[in-house]
Each structure stands twice: as structure tokens, then as C-alpha cells.
Amino acid sequence: MLRASYPPSSLHCIRCIGESATVEVAESDTPMADAETIKKIEDGYAKLQGANDCHSLLKKHLSKQVVDDLKAKKTKLGATLLDVIQSGVANLDSGVGLYAPDAESYTLFKPLFDPVIQEYHNGFGPNQKQPQTDLGEGKTSQLVDLDPEGKFINSTRIRCGRSLAGYPFNPCLTEANYKDMEGKIRKVFDTLEDPDLKGKYYPLLGMSKEDQNQLIADHFLFKEGDRFLQAANACRYWPVGRGIFHNNAKTFLVWVNEEDHLRLISMQPGGNVGQVLERLIKGVKTIEKQVPFSRDDRLGWLTFCPSNLGTTVRASVHIRLPKISAKPDFKKICDDLKLQIRGIHGEHSDSEGGVYDISNKARLGCTEFECVKQMYDGIKHLIELEKKA
Ligand SMILES: Nc1ncnc2c1ncn2[C@@H]1O[C@H](COP(=O)(O)OP(=O)(O)OP(=O)(O)O)[C@@H](O)[C@H]1O
């Protein structure tokens, strides 16, 4: 008798449960990691334990007990603990260090994911549930321009991620899945009529290196060759199925099949957070009418990296705060305001010309509007401190 659908042991030959391809297995088969995989997991654990300069959440929460409890497990799509931890093992400077190869990983490997999620997202406990979506409709006028004189903020950006229902995450996707997903979302882009959203899709396949590099340098497009994603097995078949949609003004953009299936982005020069959020709400609502997305009752919108679960919202400004950013306690001030500091070219980059990317850190256990408000209130406070310094 045939019971479930799951692929052979190696993730490299997975045929996933997309809308069409499934692999049928016999009732008696129990998905178990093979000896080689278990050995790699144990070696990874030993490497992390021996790395004194590694401070990732993965290292902190991957205890011997967790390894022993989870090392033989395998999801129905064939993902093991190795797929979860391999990026953090290869990149000892990771902040988080783990990814979910498919949605089931969040439950099967719960003893590892839950404490990481709890620590990253302001104590979101195993029995807590993500609140209903509240993007902030009708409330954007509360978010008046943070910097009307243009003294501090270069630009404001709010992004959220979405996963197409019926597809796993990057490591389990086939080349056919990538093409299929890109085809579906392109059709949706073609229907966008609102002047604020209407635009064109640019596949990475066929884009000139010059155009690609310019879009990256201008902060519109994702980077290529991210070592954290590569080690997570998230860049297979690159650039197939990857691309960017944007309106003429490049104020509404959608990334296709980079870290997540979709990243919806609204951005513009200056500090008018309300306008940026208003446009994002319009984009999300228009697209979600046409595409079903994966949402978990407890974890909210599902994403590849546990740091993005829940609302998936990162609201950021590129800001110059020359006086307070020079102080030794600048990071502590931002931590206390629950804000995250990044460099000017995104995560893992450095500041340039005194410009920092400052955003809300947690995305789970609060609503979308609350995430944006966290950034808004925090930045307002930082600007006041800068003016007084
Ligand atoms: N407020 C902003 N104004 C202009 N560009 C921004 C702003 N915030 C982020 N960016 C740019 O967006 C690009 C992507 O940044 P980054 O990868 O850090 O974040 P992300 O898209 O939120 O995804 P992730 O957190 O998964 O890395 C970078 O080029 C970054 O400089």
C-alpha cells in the first residue's frame, strides 16, 4: 500500500511535492538519515563546540542532547538535521546559523528551532501563537515623516516575505519547480494595473552583468553568491527562476526565488514611513488575492530562515547619526530599542560614510504594523538623541 510522498535520501536528487511531481513510497519505509549524514551532523556539532569565536544561535542551542534526538530524523521531503545546520557549520560567523529546508522541519526539528526562535524573537515561547495579520490598513497616517528636513534619513524600506503554498523551500526545490513558480508569479505581475504597482519583470537569466551589478549597488536587487545561502544549499540551478519585478520608479519591487519564494518590497528616498507602508499594503493585498501563500497557525507566514517567521517584516531606514553612532554604547542603545544595525549593503556588510541600516529585529509574536511601529518609534528616539548630542 502506498502512504506518503518523500524523496530518496540525498537532497540533491529530491523530487518534491510541488503541484505535480511526487515520489511514492511503501508503507513500511520510515524516513531515516543515513550513516554518512549522521556522521556529518556529529562532525558539525564537534566543529561548532570547538570554535571559540563562533557566537551563533545555532551553536548555543545545538546541544549534544538535541543532536542525539534529531540526527536520524528526516522530513517527508527528505530533509535532515544536516540540511538545517550546514550553513551555520560552514559559516562560523553566522548570527542565526540555521534554515528550514521545508515547512515540516519547523516541527520535526522543533527542539532546535524553538529555542532559537524564542531567543531571536523577543522570547516568543513554544506555546505562543502569531497574532492575526494586521498590516496597518487605515493606520499609516500615524507614521508621519520621521525626517521632513532630510537631515538624517537617506531612504526607507519595508519588506516582507511570502512562500507559495504547495512548494518547499530552496534546498528541496527542483529546477522545474523554479520555472513553474516563476511562470505563475509572472502572470500575476502582468495583471498589476495600479499606477503605484504596475511594472515589469526582469529575469536574472539573460540580464547583463552590468545591469545586475547596478541594481545591486543601488540597493534594489539581492546579491549574488551569498555564502550563507550557498552553504544552506539554497542557490541550486541559479539563476533559473530568479528575478526582480519593479515599477518604473523602483518604489515597489518583488524579488523572486532568492532566499524566499517572494520578497515584496516598498522603498523610497526620505523618511516617510507611512507612504512606504501604504504602498506595501496595496502590493501585498493585490498579490495575495491571486496567489495562495503558506501560513502556519503558530508561526505565521513561513520563511526559509527562522529569523523571518511571523510577520516577515523588516522595516529599515538608511540613516546618518554621526554623533551617537560614534559612541561605544550605540549598539546597546539600539538593542534596548529592539533595533538591529546592519551595514549599508545589507546583512553582513559594513557601514559606509557613516550610514547605517537600522530596522526592527523581531518579526514574530507581534503584528506587521507593530513591527513597523517598533522601527518608527526607535528611529524617532535615535534622531532625538542625535539632535541633543
Ligand atoms: N532603508 C533602506 N534604504 C535603501 N536600501 C535599503 C534599505 N534597507 C535595506 N536596503 C537595501 O536592501 C538590500 C537588501 O538588504 P538585506 O539583504 O540586508 O535585507 P533584506 O532584503 O531585508 O533581507 P535579509 O534580511 O534576508 O538579508 C541591500 O542592498 C540594502 O542596502
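Cβ atoms are placed via backbone N, Cα and C, with glycine included.
Here TrEMBL flags 40-122 as domain 'Phosphagen kinase N-terminal'. Broken down by DSSP into helix, strand and coil, the domain 'Phosphagen kinase N-terminal' (40-122) contains 48 helix, 3 strand, 32 coil.
Residues or ranges marked as domain 'Phosphagen kinase C-terminal' by TrEMBL: 152-389.
For SER316 (ATP binding site), the number of other Cβ atoms no farther than 10 Å from its own Cβ, over all displayed protein chains, is 22. Under the three-state DSSP scheme, SER316 (ATP binding site) falls in the strand class. What TrEMBL lists as ATP binding site is 155-159, HIS219, ARG263, 314-318, 342-347.
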Exercise. What does DSSP assign ARG342 (ATP binding site), in three states?
Worked result: strand
For this session: Under 6 Å from ligand 1 by C-beta, which of these binding-site residues make it: ILE158, SER316, HIS345? Sequence order, please.
Result: SER316, HIS345
Problem set entry | Distant-in-sequence Cβ neighbours of ILE158 (ATP binding site), under 8 Å, six or more positions away | ILE265, SER266, MET267, VAL273, VAL276, LEU277, LEU280, VAL313, ARG314, ALA315, SER316, VAL372
Exercise. What three-state class does DSSP give ARG263 (ATP binding site)?
Worked result: strand
For this session: List nothing but the one residue from ARG342, HIS345 whose Cβ has the fewest other Cβ atoms within 10 Å; the candidates are the binding-site residues.
Result: HIS345
Exercise. Around SER155 (ATP binding site), which residues of its chain at least 6 apart sit with Cβ under 8 Å of its Cβ?
Worked result: HIS219, MET267, GLN268, PRO269, GLY270, VAL317, HIS318
